[in-house]
Amino acid sequence: MTLSFDLTTEGARDALRARAAPEKPSLIGLTRAELGEALVASGIVPERQAKMRAQQLWHWMYVRGVSDFAGMFNISKDLRAELDKHFTVARPEIVEEQISSDGTRKWLFRFPPRGAGRPVEIETVYIPEEGRGTLCISSQVGCTLTCSFCHTGTQKLVRNLTTEEILAQLLTARDRLGDFPDRDTPDGAIVPAEGRKVSNIVMMGMGEPLYNFEAVKKALLIASDGDGLSLSKRRITLSTSGVVPEIFRTGEEIGVMLAISLHATNDDLRDLLVPINKKYPLKELIAACRAYPGLSNAKRITFEYVMLKDVNDSIEDAKGLIKLLKGIPAKINLIPFNPWPGTNYQCSDWETIEKFADYINNAGYASPIRTPRGRDILAACGQLKSESERMRKVDRLALEAMMIAGHGEA
């Protein structure tokens, strides 16, 4: 059974009115140094207190998960009022929450226009498994890559997400799952039996993370900060379709696990499936992978390979894959194609996928077949696409009018 909660009706008018007011800057997504600078620049904290106050706020935002200054009890009431006057730590609007029959959750978040002309929406997916819970995070509204098998690729790029908006997906998911101290897990929620509800994050949602490098870098460094959200970098994976110039920087400056959306073993086919290959062909991509900082058997690169019937699923393709990746510490994730409305592709037969996996395994590579999750709510790999077009026209126009009347499109 699939559950879907439309969260726009309750408080929708309040949300519209709130958007008419000038947008307060968020403290989410600032470094500690930037937090201190913002407090001093606002005139509410003297410079000598900036470092201490920044640390207090950091703890409340990222350890306790507080989304309202009123809940920061070790800060004076007067200072809390001043903070609320100048800044916000609020969560984004949740338009809809869908819960799959397998426990997968998908949220549709709405963010301010920030240059896009109207409010924007993105999707975030939570996948519970035995012993871990993985959050699939988006980095852009839409995508420029137009990978032919991917639903997100049919949505034009609207804009990059900010560091705040990337982190907001993680913070809100932890809110909804009861993953902060003194929070209750929702009744009936499927989550890991022990430990964190969100133990892993993957930058595999909407968009190409390396086309939004600085915001993604900052968000992941905050997410992995040991005095805050404290996610291990070994539990953070960044997936790229092959933006070669930024791959080395990812390892050097962020230090997280790397995944490559490969899907083909020759340039002719990859040009069709993943058009960025025309700019950065396989020879350059594989060379960048071999040079990835820290690459070892303990820090393998994951290569994602979607199984498309009669396209890339032959044993000859498997042989080509082994030859291409020879010498690279790697894991190869085989992804049964997840259908979406309007696609021309079909998923490979299960027997074909198993034979492909057996060949890869016998060649010495771990080759798990990814279990499709959340297909019934279009939350599976390659199915994400924000659905702003579902807003009733009258509501969308009213929302846009109030946004523009309040503070323009910035």
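Glycine too: its Cβ is placed from the backbone N, Cα and C atoms.
All protein chains included, E123 (active site, proton acceptor) registers 25 other Cβ atoms within 10 Å of its own Cβ. Sequence annotations record features per position, and here Swiss-Prot assigns active site, proton acceptor to E123 based on sequence analysis.
The active site, S-methylcysteine intermediate annotation in Swiss-Prot covers C381.
What Swiss-Prot records for G207, E208, S239, S261, L262, H263, N338 is S-adenosyl-L-methionine binding site. Cβ neighbour count for S261 (S-adenosyl-L-methionine binding site) (all protein chains, 10 Å cutoff from its Cβ): 25. Annotation note: S261 (S-adenosyl-L-methionine binding site) sits in a strand segment as assigned by DSSP.
Residues or ranges marked as disulfide bond in Swiss-Prot (evidence: sequence analysis): C136-C381. Cβ neighbour count for C136 (disulfide bond): 28 (other Cβ atoms within 10 Å of its Cβ, all protein chains included).
The domain 'Radical SAM core' feature in Swiss-Prot is assigned to 129-378; the stated evidence is sequence analysis.
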Inset, instruction - Report, as a single number, how many Cβ atoms besides its own are within 10 Å of the Cβ of S239 (S-adenosyl-L-methionine binding site). - result: 21
